[in-house]
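Colleague: Take this structure first; my questions come after.
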Amino acid sequence: MYVLKNGQILNESGELENKDVLIQNGKVNLIADSIEVTSGEEFDATGKLIAPGFIDVHVHLREPGGEHKETILTGTKAAARGGYTTICSMPNTKPVPDSKEVMERLQAKIKETAEVRVLPYASITTSLGTDELVDFEALKEAGAFAFTDDGVGVQLAGTMYEAMKRAAALDMAIVAHCEDNSLIYGGVVHDGIFAEREGLKGIPNIAESVQIARDVLLAEAAGCHYHVCHISTKESVRVVRDAKRAGIRVTAEVSPHHLILDEEAIPGNDGQWKMNPPLRSKADRAALLEGLLDGTIDFIATDHAPHAAEEKNVPMEQAAFGIVGLETAFPLLYTHFVQTNEWTLKQLIDWMTVKPAECFKLPYGKLEEGTTADIVVLDLEKEATIDPDTFYSKGKNTPFVGETCIGWPVATFVEGTLVYKEGESK
């Protein structure tokens with residue numbers, strides 16, 4: 001049992017209220033002006049924000065098969081440090097969770113080592129990127145969160161349509177990395193001014209938007225919940241907006257780096273700045289920000305993608321795609337958008353908690369009496385510089401090295417258990 005004393009919570013109007021919070025038996029037992037108990041542990045939250053634990057539906061934990069990049073243990077420790085209490089793990093592992101047996105082994109490893117709640121995706125196709133569909137029913141029974149071939153777009157419309165019909169029959173979502181392989185052209189960055197300046201092959205916007213346009217029509221025909229991963233282009237935002245207006249069950253996420261950066265921020269041919277989707281144009285970034293504010297884009301997800309140093313400390317042509325994000329998402333977004341009065345604090349918290357929960361029907365994301373005690377305590381006054389050497393993640397690959405941010409998680413509780421406290425050793 002914990003009593004979080006002298007903290008602040010956000011009410012429905014977005015106003016801060018001084019409150020104590022009692023955690024008992026894994027639940028939020030009481031929220032009141034003052035709580036006094038004779039037993040349990042007191043946590044001093046004076047002047048700090050007590051918020052629902054963050055939810056990230058797009059995380060690469062790399063295990064099994066990529067433990068040199070990340071493990072379930074290190075990735076979930078990073079999640080806890082970043083304030084995340086629920087994360088969804090992508091299936092681009094070796095082996096791929098494309099069968100009941102592999103999924104059950106993965107679930108057992110998660111239960112054994114994870115520091116936060118991990119909901120694993122199953123793949124859509126066997127081995128990722130094939131045209132052979134997995135056994136949807138068996139994988140749902142084994143605990144799959146949803147189905148995705150993340151990292152690879154499903155190339156054949158017929159394969160995607162059949163997958164959507166099977167997912168819809170089980171009331172499960174198809175989650176898509178949207179990329180038409182015939183339109184990538186071997187690109188490593190956005191097909192724009194940086195690619196032209198550096199003489200690099202570019203990935204055009206249509207590689208993403210064309211596949212989303214196809215898929216929303218397939219989702220309409222199949223009656224399926226279709227979720228777009230890491231949306232990055234203005235055309236994609238327009239397609240999703242039109243689909244929502246037409247009543248199609250489509251949702252979309254955006255990553256922090258696509259909201260904060262565009263291609264003009266890239267300093268040179270440096271593998272630390274290589275990600276997929278790539279950093280797009282200023283116009284694309286503006287469309288993402290507009291889409292998030294008007295509800296076209298539903299929430300924020302990190303696409304945490306750790307790699308070993310030797311896979312990133314090389315030119316873009318040789319580097320792996322991806323950056324880490326779990327430990328820096330909140331401070332970066334709070335600094336860039338709340339501190340500048342572009343967003344309210346409540347908007348940011350909602351996009352990291354209740355919005356993803358609502359999209360995927362998860363019973364988390366709210367701080368109310370009776371809810372699961374998934375909680376992050378945030379010090380909105382704390383200022384610190386992003387230093388990969390302090391990361392709990394094995395991945396140190398971030399373009400935000402040296403950036404000073406304000407607003408950091410200082411404690412994280414999962415089902416009432418303290419899983420991270422600032423100042424304690426890794």
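Don't overthink the numbers, they just go from 1 along the chain as shown.
Heads up, the Cβ atoms here are built off N, Cα and C, so glycines get one too.
Residues annotated as Zn(2+) 1 binding site in Swiss-Prot: HIS58, HIS60, ASP150, ASP303. Taken from Swiss-Prot, the feature substrate binding site covers HIS60, LEU61, ARG62, ASN92, ASN276, HIS307, PHE321, GLY322. What Swiss-Prot records for ASP150, HIS177, HIS230 is Zn(2+) 2 binding site. Per Swiss-Prot, active site is recorded for ASP303.
Neighbours and distances for these, please.
Modeller: Here the Cβ of HIS60 (Zn(2+) 1 binding site) has 25 other Cβ atoms within 10 Å, regardless of which shown protein chain they belong to.
The DSSP secondary structure for PHE321 (substrate binding site) is coil.
Note: HIS230 (Zn(2+) 2 binding site) has non-local neighbours HIS58, HIS177, GLU253, VAL254, SER255, HIS258, PRO277, ALA301, ASP303, i.e. same-chain residues 6+ apart with C-beta under 8 A of its own C-beta.
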Colleague: Using the Cβ centroid of HIS58, HIS60, ASP150, ASP303 as the reference point for the Zn(2+) 1 site, which residues of the same chain not in that list have Cβ within 8 Å?
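Modeller: Same chain, not in HIS58, HIS60, ASP150, ASP303, Cβ within 8 Å: VAL59, MET90, GLY151, HIS177, CYS229, HIS230, ALA301, THR302, HIS304, ALA305.
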Colleague: To the nearest whole angstrom, state the Cα distance for the pair HIS307 (substrate binding site) and HIS60 (Zn(2+) 1 binding site).
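Modeller: Approximately 10 Å lies between the Cα of HIS307 (substrate binding site) and that of HIS60 (Zn(2+) 1 binding site).
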